[in-house]
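Student: Structure provided below as structure tokens; questions to follow.
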Amino acid sequence: MGCFFSKRRKTEKESRPESEEEQPKQYSWDQREKVDPKDYMFSGLKDETVGRLPGKVAGQQFLIQDCENCNIYIFDHSATVTIDDCTNCIIFLGPVKGSVFFRNCRDCKCTLACQQFRVRDCRKLEVFLCCATQPIIESSTNIKFGCFQWYYPELAFQFKDAGLSIFNNTWSNIHDFTPVSGELNWSLLPENAVVQDYVPVPTTEELKAVRVSTEANRSIVPVSRGQRQKNSDESCLVVLFAGDYTIANARKLIDEMVGKGFFLVQTKEVTMKAEDAQRVFREKASDFLPLLNKGPVIALEFNGDGAVEQCQLIVDEIFSGTKMFVSESKETASEDVDNFYNFADVQMGM
């Protein structure tokens, strides 16, 4: 006794005309656009200015190798970027979701943002960096670092697409895997270094279409002093809680404080738990606990004589309707800063 349905399927198959051959089954991966690696590579170039416009890389891996005396601009976000055997090149990289790895490069000037940054077997690199984790150098000499400073209209969205926060930037917290006794393989660029003097805006007609600014007050990433020696014993911690205007408020506060002569030392965007709040906010913790469920907080450290008083005045005058934590006094401010950044660094695996 056979199955009725199997007989019917067999009959339908036998009755199909020979010209109507059964089409192979289509899978989702068969329908993906084919990627040509050559579209995501600059190799063997000399004395050229080249680049990729916004939307042309769209999260792919990118390779730069064997280039000499070139100006290279990637105005888009990437998965990873590897730079091998390049000499005397100027390189700009938009946000990189994973790692940027320089190997065997010489005399290059760069501006870039990434999750991980690593240099091996390189000499004389000058890098304006935004890096979410601790930058690493290995078997390299004369590597100099400054804070990322760059703007174009699409850049903020590219940071989001790459999963990077503009406030998580450890650009100056360098780890040298191969230190040499009595020598320093890396250093910080002068505080007054102008990024335009190192990585100038492109001048080719194609790349000029990207509306770039290298002015510090327009930089997508806040320009911080990092590990440089502080000018004052007084610092102030400000914590902004998640909301519709948190980033705009943070930028406004930075502009106000820097405009009054104070220094932005460091920034951080992290998720806080109740126990973290108790340690940082102490007796005020209960006021802020309900706000922690809304999302990550943004913390800013300002430095300079009178920073606490000035910060409190600005918050009261400009952000009176917004709940923020501000260090109450200069006596407790340093402890506030240490408490916050100690827990934040542990959380981020620093």
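Every residue, even glycine, has its Cβ placed from backbone N, Cα and C.
Checked TrEMBL, it gives:
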BINDING   Gly98, Ser99, Gln115, Gln116, Phe117, Arg118  GTP binding site
COMPBIAS  1-10  compositional bias 'Basic residues'
COMPBIAS  11-31  compositional bias 'Basic and acidic residues'
DOMAIN    24-179  domain 'C-CAP/cofactor C-like'
LIPID     Gly2  N-myristoyl glycine
LIPID     Cys3  S-palmitoyl cysteine
REGION    1-31  region 'Disordered'
Student: The record lists Gly98, Ser99, Gln115, Gln116, Phe117, Arg118 as binding GTP. What's the largest Cα to Cα distance among them, in Å, rounded to a whole number?
Tutor: 11
Student: Which ones in the same chain are close to Phe117 (GTP binding site), with CB under 8 Å and 6+ residues apart in sequence?
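Tutor: Phe117 (GTP binding site) has long-range Cβ partners Ser99, Val100, Val127, Leu129, Cys131, Thr133, Pro135, Ile136.
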Student: Let me know how many other Cβ atoms fall within 10 Å of the Cβ of Gln116 (GTP binding site).
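Tutor: Gln116 (GTP binding site): 17 neighbouring Cβ atoms within 10 Å.
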Student: Looking at Cβ-Cβ distances, which residues of the chain lie under 8 angstroms from Gln115 (GTP binding site) while being 6 or more apart from it?
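Tutor: Once residues fewer than 6 apart are set aside, Gln115 (GTP binding site) is near Val96, Lys97, Gly98, Ser99, Cys131, Ala132, Thr133, Ala162, Gly163, Leu164.
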Student: So what's the average pLDDT for the domain 'C-CAP/cofactor C-like' (24-179)?
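Tutor: Result for the domain 'C-CAP/cofactor C-like' (24-179): average pLDDT 94.
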Student: Just to confirm: which same-chain residues, 6+ apart in sequence, have a Cβ under 8 Å from the Cβ of Arg118 (GTP binding site)?
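Tutor: Those within reach of Arg118 (GTP binding site), by Cβ under 8 Å and sequence separation of 6 or more, are Ser99, Val100, Phe101, Phe102, Pro135, Ile136, Ile137, Glu138.
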Student: Neighbour count, 10 Å Cβ-Cβ cut-off, for Ser99 (GTP binding site): what number do you get?
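Tutor: Taking every protein chain into account, the count is 17.
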